[in-house]
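Have a look at the structure below before the remarks.
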């Protein structure tokens, strides 16, 4: 028999690659990643067109009432309601010639005589859904990113369908609550997209995804209003079309390689990498996944040891197992035999959030992320109290998203957060004293620019500093706490004199300048 050269075996041994190297080998930032990026931009905006324009959907139009002089004159809501009952329709009408009068839920369902609380609940109930979404978000770690996204897209499509065709206030409450909960879908899309992309491209990708809202929602809305658009139902149509467009691609996108790797689902990971590489026109070749051999050998040793232990049992063990002294069998077990791996092989521990939180570094990172989320979100709304002086609101958001991303590429996450909060602090100081409209506009633009950049960067920080199976939990905790914290931003922004909310903004930005120092990547 011909002898096998050991050097030939060594040279033909497949290379062992970690998950980042595997993503690069599958094509890096290839065709699939570009398509996934486009999918993320479209699928995330399913409900945004009406959620971010609720103010127009519930806005009371200018009203005209008919008087004895046989002409319509401007009147108030109180003039068309008697004891909570709407007057005859012939005695009043909405004035759609006014620039602030729209065909919306207020006109379609004639909600004029409902209490301010009932009308205000249309907007505030979404925040309740946002809080609840954090609880649902953990589903992505249990069942996978893809299944979570598919369920979210389907529910999103059904919700928009109900909103468009069903005219009932209480149904709207339920659907808007559900739309708030659907935020988990957007976060799952974001996480999946980021985990499919090589590390060096993730920051720019994150900036582009987070800027999509301004491109696809704010700017088209502004153009629609400037063009004299009146029918707010168009927002619902767009909200219905986008989930329909993204439904079929939701079934075709791959599962997150990082998720499969962390779960130890190596056969599924190989299939996913093969799918990605074929789409990108790359060749995977032979390779070994880091940790795959350990998992396989542990499983094999466990099975082999079980077989050998069974062989030491009598043939009639099943019939007489009640009479066998198990301790005696174990005493006769020879630890020096080949089946010794039974004592050495320890199956891979199932990932546990509670166990992860016991690590001091993970806990510090989570606390830092939550604080940065709260400060970025709250401060972003706080600086908006002077938006009436600024006509380029969406421009500052787009610029802030990309600005934060480019800064982070050069100096890193921690220094970028410190820089963004510090410059926002400096830019907001003149708002305490300045009354000039132009100077206020410049300060607000700079403040929003860097606060939006900070929000974008802290959004990206979670996948960077936490293990993949902990990312959804971190988004859940930070999302719930930051949204509960931000609920009070509109009330605080209206506190008089105007210097009070600005001082609060300065204090928050000051705190935000130091908290990121605690951030450091956890051991994965």
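Cβ from N, Cα, C; glycine included.
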| field | Range among 14-33, 74-93, 94-113, 234-253 that TrEMBL annotates as transmembrane segment | value | 234-253
| said: Labelled transmembrane segment by TrEMBL, one stretch among 397-415, 416-434. Can you tell me which? | reply: 416-434
| By a Cβ-Cβ criterion of under 8 Å, what residues six or more beyond either terminus of the transmembrane segment (416-434) are in contact with it? | 372, 375, 379, 383, 386, 404, 407-408, 440, 443-444, 446-447, 450-451, 453-454, 457-458, 461, 499, 502-503, 505-506, 509-510, 512-517, 519
| Counting Cβ pairs under 8 Å that sit 6 or more residues apart, are there three or more between the transmembrane segment (149-166) and the transmembrane segment (234-253)? | yes
| said: So if I exclude everything within five residues of the ends of the transmembrane segment (234-253), which remaining residues of that chain have a CB under 8 angstroms from its CBs? That is, six or more out. | reply: 35-36, 39, 42-43, 45-50, 53, 56-57, 146, 149-150, 153-154, 156-157, 160-161, 163-164, 192, 221, 224
| Looking at the transmembrane segment (500-519) and the transmembrane segment (172-196), are there 3+ C-beta pairs under 8 A, with each pair at least 6 apart in sequence? | no
